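The region 'Disordered' feature in TrEMBL is assigned to 1-24, 38-81, 96-188. Positions annotated as compositional bias 'Polar residues' by TrEMBL: 1-12. Sequence annotations record features per position, and here TrEMBL assigns compositional bias 'Basic and acidic residues' to 96-126. Residues annotated as compositional bias 'Basic residues' in TrEMBL: 127-138. Here TrEMBL flags 158-167 as compositional bias 'Low complexity'.
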Amino acid sequence: MAAANRESNTRSGKPAGKEPQPLVIAKTAAEEQRLKLERLMRNPDKPVPIPERPKEWNPRAPPEFVRDVMGSSAGAGSGEFHVYRHLRRREYQRQECMDTMSEKQKLDKEYQEKLQKNNEATAEKTAKRRKKRQKLKEKKLMAQKAKLQEGEDGDGDSGSNSASSSDKVPRKEDDDDAEEPSFVMGGR
């Protein structure tokens, strides 16, 4: 009897050794999300259903030619009012859709213009800073060249010690005007 019961469970798609999960009711949104994540993570090989984005609703185009135009004259039946009401509702929906589409296009256009202005402003700022860095670099190079020329001119004037001046190695102070570090790394 137990074997028959086990066999019927496997035919119905339920595994024989699986115990039923206790029913947990989420009290908060965070708890509900946690339960959903736990359920997804129980079987990571199973593909997760990701819903497709809903298509944007577009109203039916207005008719090219309206055959039975209702007037306010007598003789219209009692059912004609419902037909008129339906046509009016559909036209209002169409106009509302057109208004929302134009508003959306306007907002998109404004956003694109704002992005373009921001890009131009950042490019302008970057160019200005690049120019400033380049000026500082050139100024530094000119100062170094002037120092080197000054050093060469000073060595040439002391003709008596020309042999000793050529043997001299330029001191570190001449090359680098930076301050000495206040600490030494590497345990020296």
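Quick reminder: no glycine exception, Cβ is built from N, Cα and C everywhere.
Helix, strand and coil content of the compositional bias 'Basic residues' (127-138), in residues and according to DSSP, is 12 helix, 0 strand, 0 coil. The helix, strand and coil residue counts that DSSP assigns across the compositional bias 'Basic and acidic residues' (96-126) are 31 helix, 0 strand, 0 coil.
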